[in-house]
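This report concerns only the one structure given below.
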Amino acid sequence: MTATLERRESSNLWGRFCDWVTSTENRLYIGWFGVLMIPTLLTATSVFIIAFIAAPPVDIDGIREPVSGSLLYGNNIISGAIVPTSAAIGLHFYPIWEAASLDEWLYNGGPYEMIVLHFLLGVACYMGREWELSFRLGMRPWIAVAYSAPVAAATAVFLIYPIGQGSFSDGMPLGISGTFNFMIVFQAEHNILMHPFHMLGVAGVFGGSLFSAMHGSLVTSSLIRETTENESANAGYKFGQEEETYNIVAAHGYFGRLIFQYASFNNSRSLHFFLAAWPVVGIWFTALGISTMAFNLNGFNFNQSVVDSQGRVINTWADIINRANLGMEVMHERNAHNFPLDLASVEAPSINA
């Protein structure tokens, strides 16, 4: 009898826990994805803050030349970063217990791998939590689909690119100047500016900014005034009101006359789908581009210069880009390589033969 009561009580306890986790009445929804998201993101955030402030220098290139990234070792907010895991570790899973000591783990950049892997798991669970909450509320699932774009981008630079290049040391440093350094080196080694998928990403980001500004300004300019001239127009809106808060016909008419009729949406639903889809698809393509360049399927190159009938080079913009890429590659890991990889490789065949 006692065992039966204990079993029933424990099952009730588990049931109450399940109800609490999946309840949409909580101030912040937890959900089953949140059960994994909360500890992983807390771990990533805590280790990032501690390492950004106090981590010792890391031997990023595996050549016994440690690079300092923390504030206590001479950096500021701009130059500081979590330095990626050493090339000596490569792609090995490197938790604290795999190192001989904590000092060795820090010297080899263990915190970077710890932060990145927990962060990626955490943001993936955040995306799942968005879907889960939408499901519980009877909403459509497109919020999680939209969030998949930044998740894909983060996964590309923190996981797919290191896998393709063979080492976590090639991942993006976790800092402001480290991000810019990653971008410059990426251009030098992969010519990303000449990759069509990056171009689509640029169109997505800048186009999304343009469309967001256009939409916001059109709505703000065509509000249906519910207040006097002495009050803010914003005060005329009541949360949850059934009436339209702006005149979409007026906005449609304005924009249709500003450009041409069919450049303007007359359907609010298709308009907002477009506003969401444009940047999301662009960032998807950029993440896909990073993932292909990770395995050295690079942007277009024009290594063969245009020459005249006498064999003299006719300089084009491609030649300037090539020279800039070589210059950036020479400066990258200057003590790890004697020559940039392009100059050390076999000479390109002549096209005059």
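Cβ atoms are placed via backbone N, Cα and C, with glycine included.
Swiss-Prot annotations:
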- HIS118: chlorophyll a ChlzD1 binding site (BINDING)
- TYR126: pheophytin a binding site (BINDING)
- ASP170, GLU189, HIS332, GLU333, ASP342, ALA344: [CaMn4O5] cluster binding site (BINDING)
- HIS215, HIS272: Fe cation binding site (BINDING)
- THR2: phosphothreonine (MOD_RES)
- THR2: N-acetylthreonine (MOD_RES)
- TYR161: site 'Tyrosine radical intermediate' (SITE)
- HIS190: site 'Stabilizes free radical intermediate' (SITE)
- 29-46: transmembrane segment (TRANSMEM)
- 118-133: transmembrane segment (TRANSMEM)
- 142-156: transmembrane segment (TRANSMEM)
- 197-218: transmembrane segment (TRANSMEM)
- 274-288: transmembrane segment (TRANSMEM)
- Ranked by Cβ pairs within a distance under 8 Å of the transmembrane segment (197-218), the first of 29-46, 142-156, 274-288 is 274-288
- Task: Determine the most Cβ-crowded residue among the recorded positions TYR126, TYR161, using a 10 Å radius around each Cβ and all protein chains in the structure.
- Result: TYR161
- If you count the C-beta atoms lying within 10 Å of each candidate's C-beta, which of the recorded positions HIS118, HIS190, HIS272, HIS332 ends up with the smallest number? HIS272
- Cβ contacts under 8 Å made by the transmembrane segment (118-133) with residues that lie 6+ beyond its boundaries: 24, 29, 31-34, 36-37, 40-41, 43-44, 47, 139, 141, 143-144, 147-148, 150-151, 154-155, 158-159
- Message: Please report the Cα separation of HIS118 (chlorophyll a ChlzD1 binding site) and TYR126 (pheophytin a binding site) in Å, rounded to an integer.
- Response: 12
- Note on the structure: For HIS215 (Fe cation binding site), the number of neighbouring Cβ atoms whose distance to its own Cβ is within 10 Å equals 17
- Task: Go through the chain and flag residues at least 6 beyond the ends of the transmembrane segment (142-156) whose CB is under 8 A from any CB in it; none is fine as an answer.
- Result: 119-120, 123-124, 126-128, 130-131, 134, 276, 279-281, 283-284, 286-288, 290-291, 294
- Cβ neighbour count within 10 Å, max among the binding-site residues GLU189, GLU333, goes to GLU189
- Note on the structure: If you measure between the CA atoms of GLU333 ([CaMn4O5] cluster binding site) and HIS190 (site 'Stabilizes free radical intermediate') and round to the nearest Å, you get 16
- Task: Enumerate same-chain residues with a sequence separation of six or more from ASP170 ([CaMn4O5] cluster binding site) and a Cβ-Cβ distance below 8 A; give 'none' if the list is empty.
- Result: PRO84, TYR161, PRO162
- For HIS272 (Fe cation binding site), the one of TYR126, GLU189, HIS190, HIS332 that lies nearest, given that the recorded positions are compared by Cα: TYR126
- Could you state the whole-number distance in Å separating the C-alpha atoms of HIS332 ([CaMn4O5] cluster binding site) and HIS215 (Fe cation binding site)? 43
